[in-house]
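The block underneath contains the structure these notes are about, expressed in C-alpha cells.
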Amino acid sequence: MTATDPVANLQTLIRCPSVTPAEGGALSALDAMLAPLGFTVDKVKASEAGTADIENLYARLGKDGPHLMFAGHTDVVPVGDEADWTHPPFAAEISKGELFGRGAVDMKGGIACFIAAVARHIEKNGPPKGSISFLITGDEEGPAINGTIKLLRWAAERGERWDACLVGEPTNPDRLGDMIKIGRRGSLSGKITVHGVQGHAAYPHLADNPVRGMLQLTQALMDPPFDGGTDDFQPSNLEVTTVDVGNPATNVIPAKASASFNIRFNDSWTAETLRAEILRRLDAAAGDGRLRPGREPVKYDIVWADRPSHVFLTRNNALIASLSSAVEGVIGRSPKLSTTGGTSDARFIKDYCPVVEFGLVGQTMHMVDERVAVSDLETLTAIYETFIAHWFANAGA
C-alpha cells in the first residue's frame with residue numbers, strides 16, 4: 001500500500017473498529033502510513049477519573065515554521081444493527097462507485113485524503129518549506145474530555161506552536177465544495193427542576209403540580225427569540241431536549257419535574273450574558289401566576305453544564321483564501337463560507353491558532369450504510385494537495 005492512495009488509506013482505517021472509546025488499531029494504522037513519510041509520531045494516552053482512557057496521536061514532519069496542522073478523529077459512532085447494513089460496517093467494501101463503512105464520511109475519509117495529499121506533495125515537491133502536523137483524537141464522538149483538548153495542551157507544553165489548522169470534518173451539505181466552515185456557534189446546556197407537592201390526582205387542591213410551573217418556564221425560554229442573527233451567524237436557538245417527572249402512575253401528581261435544554265448561540269452573546277438572560281426569563285416566568293392562580297411563585301433550581309462551547313469566527317484571510325482558491329481551482333466553483341451547524345473540535349483549536357473546516361459530503365454520516373463516492377475521495381485529495389501548496393506559498397511570502 002502507498003499512502004498516496006486515499007481509497008486504500010480509507011479502507012485500512014475503516015477496517016479498524018474504533019467505536020468510541022476503542023482505538024481499534026486505527027492509530028497504529030496511521031503510524032504505519034505517516035512514519036515512512038518522515039513524520040515523527042507520538043501516541044498520547046489521556047485519562048480522567050470517571051471516563052475511559054483514550055489513545056490519541058500527534059505526528060509532525062519538519063522542525064521550522066510556518067506550521068500547518070491537520071486535525072481530526074478516528075473514533076466513530078456505533079453502527080446500530082449490523083443486519084440493517086447493505087455491506088458490513090467495518091469491511092470497507094466498494095460497490096457501484098461508493099465505499100461503504102462506519103467512518104467513511106465522519107471522518108476517516110478526510111484523514112485518508114489529507115494523508116494522501118501530503119504524500120503526493122512530498123512525492124512531487126519534497127517536504128514542505130515548514131512543518132505539517134497531524135493531531136488525531138479517539139474522543140470526538142464521545143465526551144471529548146480525553147481527546148483534542150488534552151492533546152493540544154500536551155503538545156503546547158512541549159513547545160509546539162501552529163500557524164493555522166484545517167479540520168477535516170464533513171462540511172458539505174450536498175456536493176463536494178459547497179461549504180467551508182469558518183466558525184461555529186457556541187453551545188450552552190442546563191437542567192431545570194421545578195419543585196411541587198405530590199398528591200392524589202383527584203385532590204389537586206392538596207398538591208402542587210410542578211408540570212404547570214415547568215410549562216411556564218420552558219415557554220419563557222423558547223419565546224420570544226433570543227435574537228435575529230448577525231452578519232456572520234444565524235439566530236440563536238434554544239431547544240428543550242428532555243422533560244421528565246419520574247412518575248409511572250397516572251393517578252399521582254408528581255413532586256417534581258425536570259427539563260434539560262440546549263442553546264446554540266451566536267456572537268451577540270457570551271456564556272455569561274446568556275446565563276444572565278436565561279435566569280431573568282425564568283425568574284419573570286416563575287412569578288407569573290396566570291397558569292397557577294392562587295399559588296406561590298414557581299420554585300425551581302437550575303444546574304448548568306460544566307463546559308460551554310464558546311462562539312468563534314476565523315478571520316485569517318490567508319488561510320481562508322488558500323482553501324477557497326484550492327476548492328475553486330479543482331472543482332470550478334466558490335465554496336460558501338459558513339458558521340452553521342453544530343460544534344466540533346475546532347472549538348478547542350481556535351484557542352491556539354486560526355482554524356477552518358472542510359471535508360467530504362455529510363449526508364450519510366452516523367447513518368446505516370454510511371458511504372462516500374470514490375470519486376469524491378480523489379477530488380478531496382486534489383483539493384487538499386492544492387491547499388497545502390497554496391498555504392505554504394502564502395504563509396512563506
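Cβ from N, Cα, C; glycine included.
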Let me know which member of D106, D163, D174 Swiss-Prot also records as binding Zn(2+) 2 at the site of E141, H366. D106
Same Zn(2+) 1 site as D106, E169 according to Swiss-Prot: which of H73, H200, H205? H73
Ten-angstrom check, please: count other Cβ atoms within 10 Å of the Cβ of H73 (Zn(2+) 1 binding site), all chains counted. 31
Since the record lists D75, D106, E140 as recorded positions, which of them has the fewest other Cβ atoms within 10 Å of its Cβ? E140
Fill in the CA-CA distance, E141 (Zn(2+) 2 binding site) to E169 (Zn(2+) 1 binding site), as an integer in Å. 12
With every protein chain in view, how many other Cβ atoms are within 10 Å of the Cβ of E169 (Zn(2+) 1 binding site)? 26
